[in-house]
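Reading through the structure tokens given below for one structure.
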Amino acid sequence: MIEWISTVPLPVRMVALFAVGACVGSWVNRSIYQWSITQPPMSPWMRRHPKAPPRQWFDYLPILGWWGLQREEPIYGRFYWLRPMAIEIGLGFSFAALYQWEILGGQYPSFLGEQERLTLANSQLFALHVRYLAHLILITLMAIATFIDFDERIIPDQVTVTGALLALLLATVAPDVRLPIFPTVYNGVESSSPQVTYALLHAASPQTWPAWLQTRSGLGCGLACFWGWCFAIWPKIWDTRFGYLKALQFMWASMIGAPRKHQRADLPPRRHALWLMLAIGIVGGAGVAAGWAWGGEHWLSLMSALVGLAFGGGMIWAVRIVGKAALRQEAMGFGDVTLMAMIGAFLGWQTALLVFFCAPFTSLVIAVAQKIFSGESHIAFGPYLCAAALILLLWWGDLWNGWADDIFGLGWYIPQLLLVLLVLMGGMLMGLRLMRERGEPA
């Protein structure tokens, strides 16, 4: 199949992928309006507004259909159709451009040279197409998360939980979805010069894969990562106003209670039914055990995705807890936690760490403009996590082989450094809060 696809001229493939991307963009628009809370049903694939004129067949066409839907401007506002049209155009171009970039070896480091990258890419066509498919899924889900977060400052679990489970499944059945690396140390052998071979990123990169992760201890570690994520996404209430013992009792009751049939605006939503959470935990745990029994590259890939899932979500969760304790207000939404867990599952914990530190730079211009023109200091952080993930995805080869592999070569010093930074961040935020409370300029 892949060999047949590769015989089709590249421009033809790109045109076809643009059309596929535009159709996926239509689904993205429907998901944005369906999974949001306050947005009206603007997509032609949703129930028509009572005041809207009857829909025509061409209204359902990607991109072009929005031109005809201008007639609904009196209902949804002037130029409401521009954003959904731009999303479909953007995803169409993204599907085509990303294909050209990845299939021609764009994720390989530039030190290889153009001809060497092409030669290596032609020898890895199946791996490149599988990796491209995984990245398409990630980009599609990040597009939904971005625009819902912009609109309502929430990221629904339909995006992040589904995406994380898909990432784990893909990592298990297709280990080639992992990002390529050209390590200076591979299997304990120093590379004296660049070679036209590559390894795949795993949880221990750039070090060698620890043998103990192949044992039952490795299985226990994988299950701990997965069930820790299940606990994180399990709807719960944590309230320490009446002491920690009561808080634990309230949390347990909120976790096993039946979902609300009628949601009140003053209560946090209960996102999943008990049976669904149990099913995810049991079936997912069995899947982790099956991946461990499968062994080889399949377990290595799954374990790497599980570490990315736990590290990405755990890092943002820790920042959220420390920020809330220091500022005495919400510092980061829980949707950012589940979003980063999904990104870590797709791209690995190393990439998740780089995304976290790059995201503030992607948000800098918009955040400053928002503060100047509207005075609003709260920003939706999810879109900038997605933007940073996309940037790292495109320039992965040079970023990893240029400097990141040396940083991650520090091994266990990295979590120790992160712990120190977390403590320093908490102290800084607490100091800013105390200065603000005393009326001093922050």
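Glycine is no exception: its Cβ is also placed from the backbone N, Cα and C atoms.
Per-residue pLDDT, averaged across the domain 'Prepilin type IV endopeptidase peptidase' (275-368), gives 92. Feature annotation from TrEMBL assigns domain 'Prepilin type IV endopeptidase peptidase' to 275-368.
Under the heading transmembrane segment, TrEMBL lists 12-29 (among others). Taking Cβ pairs closer than 8 Å, the transmembrane segment (12-29) reaches residues 5, 42-43, 45, 60, 62-63, 84, 87-97, 99-100, 136, 140, 143-144 in its own chain, all 6 or more past its ends.
Residues annotated as transmembrane segment in TrEMBL: 80-101 (among others).
Sequence annotations record features per position, and here TrEMBL assigns transmembrane segment to 132-150 (among others).
Annotation source TrEMBL lists transmembrane segment at 273-293 (among others).
As annotated by TrEMBL, transmembrane segment applies to 299-319 (among others).
The transmembrane segment annotation in TrEMBL covers 381-400 (among others).
Marked as transmembrane segment by TrEMBL: 412-432 (among others).
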### Task
Could you put numbers on the helix, strand and coil content of the domain 'Prepilin type IV endopeptidase peptidase' (275-368), residue by residue per DSSP?
86 helix, 0 strand, 8 coil
### Query
When only pairs 6 or more apart in sequence are counted, do the transmembrane segment (132-150) and the transmembrane segment (80-101) reach 3 or more Cβ pairs under 8 Å?
yes
### Message
Give the nonlocal contacts of the transmembrane segment (299-319) in its own chain as ranges (CB under 8 Å, at least six residues past its ends).
### Response
164, 167-168, 171-172, 174-175, 177-178, 200-203, 209, 213-214, 218, 221-222, 224-226, 228-229, 232, 288, 291-292, 331-332, 334, 336-349, 351-353, 356, 418, 422, 425
